[in-house]
Amino acid sequence: MTDAKDDIDHGASETPHRDEGGPIPQAGLLGAWISKGGIIFAIGIVAAMLILIQEVVLRYFFNSPTTWAHETTIFLSGIAFVYGGLYCVARDSHIRVVLIYDAIPPRIRRAFDVVISVICAASAAMFAYAAWLMVERAAFTPAGDFRLERSGSAWNPVYPGALKVFLFAVLTVMALQFVILTINYARGKR
């Protein structure tokens, strides 16, 4: 029988180790700010949970449901998920298939990083433009006055319009973050 120990080199020795508690060095100062901002949205998820618990207690124990709990939790969860994409970019913690990436030498891997970051920057910029088209309709009246789109429910909050504005802002920052990553990967910053 063979030894249970896996002696195959999976390329892990070539992968630079970094502090898992923060952004990658190539993300720069913007990445550090993005990473620090994540706590705000984590608190929002906890707040959403507490709001739903309160709603269940009020509805089923006191027969007094709220009109705002569900829309608020959807909004808090939505902005957290939108920000999560930006957060993952800054920390290089998104899911990806690394079958080829891990098998190539570090020098070629750096070229892959540059090309991937350029493609992602262009994609994020195009998505930001598409988000801007939504913001134009959701945040401005035909006369050009600022007025956020509302949900249309009994409570009628501005959450749909605010979420679209937030999506545009996050995608714009994401495109900028990918540009910073492209520059730093091209310069060989570690």
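Each residue, glycine too, has its Cβ placed from N, Cα and C.
Keep in mind that TrEMBL annotations are predicted by a computer and have not been checked by a curator.
TrEMBL lists 1-21 with the feature compositional bias 'Basic and acidic residues'. Summarising the annotation, TrEMBL assigns domain 'Tripartite ATP-independent periplasmic transporters DctQ component' to 49-180. Sequence annotations record features per position, and here TrEMBL assigns region 'Disordered' to 1-23. The feature transmembrane segment is assigned by TrEMBL to 39-62, 68-90, 111-132, 165-186.
If you take every residue in the domain 'Tripartite ATP-independent periplasmic transporters DctQ component' (49-180) and average the pLDDT, you get 95. Shown for the domain 'Tripartite ATP-independent periplasmic transporters DctQ component' (49-180): DSSP residue counts in helix, strand and coil, namely 95 helix, 2 strand, 35 coil.
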